[in-house]
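Accompanying notes for the structure given below.
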Amino acid sequence: MSQSDADALPNVHVRAEVLVQALPHMQRYDEEIVVIKYGGHAMGDRAAAEDFAEDIVLLEQSGLKPVIVHGGGPQIGRMLDRLGIKSEFREGLRVTDEATVEVVEMVLAGSINKQIVGWISAEGGKAIGLCGKDGNMVQARRATRTVVDPDSNIERHVDLGLVGEPERVNRAVLDAVLKAELIPVLAPVAVGSDGQTYNVNADTFAGAIAGALRAKRLLLLTDVPGVLDKDKKLIPELSIEDCRRLIADGTITGGMIPKIETCIYAIEQGVEAVVILDGKVPHAVLLELFTDYGAGTLIRRSGA
């Protein structure tokens, strides 16, 4: 044995320990569907994006059936600015008119979707890019939002334009893709019963897909470590009841509330558990699925 081989032995032992730890997790998820929502913010880091694609290919090669749903808010914003189209947000959602929805579809179902497919292909995977309109996979209805004025306590409706929420998922399209051993990469653009195109929030879209597929896990990759308590410390696990209590007492606020609502919906539709985790952490998906420690906040129907 050469000196260089001898020096490498400690690292080999560490890698062996990692593989031993990962094996039972791989067996647990064999042939199981895992839906992963990949946010637009994470795509800005090319190295992190390539790591993500590598992880997805490894999941597929390990026997899992990954389904990717991606966002693209920052990229949409930049394109709207470039085209001189003003954009407005209400209640955390982009108000979408006819001009905006054309840009949303172009960016999400076009450039971003194919970019992710390309990254996965470069790592040796076989991915196919689709949006909710393809095969009438996701039918949406116009989203409605009601807010309460804190001063008068009067409810008012917020018009979001062509923002949709999933009404029906045709899982036969996804079943066919998965049976062909392809990795679906889905853009959250859907169609209404009248043929109208709708911009759907990526978290909401991912929750509907996961629920329809009865996925083993739904992973929501975000730009925060997970759900935080009032001291800004990570909460490792929550039940649905815990989530509702933390919303009521003001611990969970702002943009985390719709994410939690998506988690609750998905679990009630049959998803075993949902994890909110930081997509900027290298190999966060593998850490969550294939290690004893996990990553982020695990949400399930009831406490362990």
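From the backbone N, Cα and C atoms, a Cβ is placed for every residue, glycine too.
On a predicted model such as this, the values are computed, not experimentally measured, just so you know.
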Same-site substrate binder from Arg46, Arg90, Arg94, Arg217, given that Swiss-Prot records Gly72, Gly73, Asn199:
Arg94
Select the closest residue to Lys37 (site 'Transition state stabilizer') from the following binding-site residues, measuring between CA atoms: Gly72, Gly73, Arg94.
Gly72
Give me the long-range Cβ neighbours of Asn199 (substrate binding site): same chain, 6+ apart, Cβ under 8 Å, in sequence order.
Arg94, Thr96, Thr100, Val101, Val104, Glu105, Leu162, Val163, Gly164, Pro188, Val189
Which state, by DSSP, holds Gly72 (substrate binding site): helix, strand or coil?
coil
